[in-house]
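According to TrEMBL, the protein has these features:
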| type | residues | note |
| --- | --- | --- |
| COMPBIAS | 831-854 | compositional bias 'Basic and acidic residues' |
| COMPBIAS | 855-889 | compositional bias 'Acidic residues' |
| COMPBIAS | 911-932 | compositional bias 'Basic and acidic residues' |
| COMPBIAS | 936-950 | compositional bias 'Low complexity' |
| DOMAIN | 667-801 | domain 'U3 small nucleolar RNA-associated protein 13 C-terminal' |
| REGION | 807-950 | region 'Disordered' |
| REPEAT | 102-135 | repeat 'WD' |
| REPEAT | 144-187 | repeat 'WD' |
| REPEAT | 188-229 | repeat 'WD' |
| REPEAT | 384-415 | repeat 'WD' |
| REPEAT | 430-464 | repeat 'WD' |
| REPEAT | 484-517 | repeat 'WD' |
| REPEAT | 530-571 | repeat 'WD' |
| REPEAT | 572-613 | repeat 'WD' |
| REPEAT | 614-645 | repeat 'WD' |
Amino acid sequence: MAKSNLQFKTNYAVSSTIEPFYKGGKVQISKDEKFIFCTCGTRVNVLQIVTGKIVHSIEQDDQEDITSFALSLDDEILVTASKALLLKQWDWKQAQCTRSWRAIHNVPIASMTFDPTATLLATGGCDGTIKLWDVVKQYCTHNLKGSSGVVHLVEFHPDISLLQLFSSASDCGIRMWDLRSSQCLCVLQSHYSPVTSLAFTPDGASMVSSGRDKICTVWDLKSRTARRTVPVYEAVESVVLLPEDEDFSEIGVKTKEIHFITAGSKGVLRVWDASSARCVFAQTLPSPPSAGGSEEGGEEYGDPRSLTYCLPLPSSLRLATVTAEHNILLYQLPSFTTQQQFVGFNDEVLDVKFLGKGDTHIVVATNSSQLKVFDLATSSCKILYGHTDTVLSLDVFKKGSLFVSCAKDKSVRVWRQDPDSGQVSCVAQGCSHANAVGSITCSRMKESFVVSGSQDCTIKVWDLPETIPETDGDMFQLTARVTEKAHDKDVNSVAVSPNDKLLVSGSQDRLAKLWSLGAPGADLALLGVFRGHRRGVWCVQFSPMDQVLASSSADGSVKLWSLQDFSCLKTFEGHDASVLKLIFVSRGTQLLTSGSDGLVKLWTIKTNECVKTLDAHQDKVWGLHATRKDDRVVTASADSNITVWTDVTEVEQAEEQAKQEDQILKKQELSNLLHEKKYLKALGLAISLDQPHTVLKVIKAIRQGEDGAKQLEKTVLKLRQDQKESMLRYCAVWNTNARSCLDAQAVIQVMLTHLSPEELLQYQGARAHLEGLIPYTERHMQRIGRLLQASMFLDYMWQKMRVTGAPASMDSQDEEMDTTSLQVPHPLFMIDKRPGEGGDGTKEQGDGEERWNEGEAEEDGGLEEDTNCPANMEEEEEDDDDDDDDDEVSITRKASVRGQREENGQNGKENGNHHSGSEESSREEDRGDQTEAKILLSAASLPPLQAIIS
């Protein structure tokens, strides 16, 4: 039983996340080709190409979206423009804003760029104006007007000595500006749609422009005329010139003429010869484009692989492209092989599974027809093409290299990952459902069959061949062995038992059904129906160990069912919304659930207790999966975040054990320090342990030692400021209890004597602590005052007593009351010194009894003291006051008895003996009361706490 308890998990910690870093907009690569800069809402993220990690994130303070940015060619200055019409200059390596100024544009800035010297910055606004800024001297140098519409493109001529600027706006022309005269030299007219990009030759004599009108134009900048128009048959978003000094003969480049690469709506990189206007090379895509788009224009906006940017990396001879789905791909030239892929934005993540022999990868289904396989170590991604509509569900076979997917395109596909190279290929597919396939599962023991559930309310069983093809060249076509009309509504989830003999399905009709798979070739047989959910069932899972299954529903509950009698064994409630996914962990003894509330909860089945709630998502958590070793969990949400969690139960237990061992060692060390009377170290150690009771014990030990007051003062003053703050906090609590108030007052006396009010008020919470000290200190003073009144009455009675046979001189000395022991610097109490009317002291005794009765009545009217509320003035500890009352009443009664014996003229010797015994008893009690009074009176003689607080 102990071993099973140890297997229970208590907590998971985030080990890594895959977050969106690019949501559209401008992309730029640093000159050293190490970083990619891209916009993501209010941030500019800096992605390190080698690791695929975001190393810097530059965010606007005003929380306004960034409309454009520019990085200088020396990689030193980054300037961003936001919708708030502010320009900000950044030291991007430190993520610090060094300067900000208001743009003179009346509307947001649409484009911006630096000149080759990193001195001038050109900004093109949506108001049709272009402004140039000197970022060194910090002023606006030019205001160029004349463009119509949004200026979406600005570029400096590479030869800075010419001081020329090119721009393009909604009028489809390319304007050439002379910065010396601030005049437009000419407008180059060739395109019939907005110009998307410009590329200059190294000598600056020629330029290539591209547009969405499916043509590229080669310009002679000296004559300012179009040299050639090249039809490219696709809307081109970006054009890049091939380096002239490199050998590209393997892709058909035979001459030294201008060759350029186009990237556009078809998602294919193509190399064109400017002199002959023909395509010399076209990139081969991993799989053919999705059906349904025509060659001319159907793919222009429908193909998710259409390209929006193409950026050169000349030093490493690479090329970077950005797709319409915000994926960034790096290609190696001249072979055009894919080197790296980064996913900038996953959109809504619908499912996720661990993949690979050691669960080193994850496969992700997003709101897209593409599958993405991430390497968890490097965050690099491989994009899988095959489905033609959104992929809805995934499942992985036991060995981890084979997985299946289903999509809205009514198809089921089987994929294989090469364990050595990591390449993934589609090896089988099946299409026979009449509607979108929303759930899929695979066999658990062998790679023998796949079960799918569809929105057409049917379940299909697909048999896999004994030898599955290794590549997608000879893809196997699957055929459904069994088709069963299982539910009245959409089938949301299907699961196969660990022995491959049972199948369970969950549907939107609020039912879960158990089926027998039987022998290969046999039909499905309904074994039972699980009823109880009030809304649709989202997920069903078999326990890996027991004959039970779990189901989650849109009613916010998770139910555990018996496979024997189909009864509900347990119900887990805790989610505030639909429970979308569940898995068994800890060998079937615990459950992990995820819901629409963005929470992941860990449940212990035996106790029905939610052990931990994991909160890392802001939207529905659709994906939830655990590794085969049960030590990691991955979650995926509609907020585009993918989070990998690590089981930290053993780590936390080890930390807790180490903490307890450290506490024991410190306690032993504290005991040794007290024994050795090293009070300063003992006090510091007790404060570090945050044990007020132990600190109080140390204070008591110091005060009980020789010269305790000086030793306490010396020790307290040597403490650090944070330790003094803790001491003040402890004293506020100790002062509420009459048993510990003397120690608290002694420490407070030291602090008030040696620390200035300004220094005290700098302590954290000092004002509240001092305010809590005042009322209880006053109450303790009142209590001591009542004790002093009672002791004065006893002294008075004693001095008025006559001893039989005593000489007259003694009687005359007793007529005056000795009050020397009550002399204090500032008298706090008024003492009635009126002389008695008779020599026997009868009236004085009566007056004393009246005053005692008044004091006793005040004490009886007190309330019990609450030590948890130091500011409560109306409560009092009855235990201490009752003890004091008992002592005072007994002393009064003794004095009354002695007075009566003296009046009745009893034997003088007996009276003298009794008188001697009473003297010793009363003086011992008075000595203890006066000691307590002196300490409190000494505290009262210090500056008032009200003055410090005020």
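Backbone N, Cα and C define each Cβ position, glycine as well.
Sequence-remote contacts of a segment are chain residues at least 6 beyond its ends whose Cβ falls under 8 Å from one of its Cβ atoms, and for the repeat 'WD' (484-517) they are 438-446, 448-449, 451-455, 457-461, 523-531, 533-542, 544, 549, 551, 553, 561, 563, 566.
For the domain 'U3 small nucleolar RNA-associated protein 13 C-terminal' (667-801), the number of residues in each DSSP class (helix H, G, I; strand E, B; coil) is 110 helix, 0 strand, 25 coil. Using a cut-off of 8 Å between Cβ atoms, the repeat 'WD' (384-415) and the repeat 'WD' (188-229) share fewer than three residue pairs, counting only pairs 6 or more apart in sequence. Ranked by number of Cβ pairs under 8 Å to the repeat 'WD' (144-187), the listed stretches 102-135, 430-464, 614-645 are led by 102-135. DSSP places the residues of the repeat 'WD' (530-571) in helix, strand and coil in these numbers: 0 helix, 23 strand, 19 coil. Long-range contacts of the repeat 'WD' (614-645) within the same chain: residues 12-20, 345-354, 359, 362, 364-365, 374, 376, 398, 400, 580-583, 585-587, 592-596, 598-602, each at least 6 residues beyond the stretch ends and with a Cβ under 8 Å from a Cβ of the stretch. Along the repeat 'WD' (572-613), the predicted structure has mean pLDDT 93. In the repeat 'WD' (572-613), helix, strand and coil residues by DSSP number 0 helix, 26 strand, 16 coil.
Shown for the repeat 'WD' (384-415): DSSP residue counts in helix, strand and coil, namely 0 helix, 18 strand, 14 coil. When the repeat 'WD' (102-135) is classified with DSSP, helix, strand and coil residues number 0 helix, 18 strand, 16 coil. Residue counts for the repeat 'WD' (144-187) under DSSP, split into helix (H, G, I), strand (E, B) and coil, are 3 helix, 20 strand, 21 coil.
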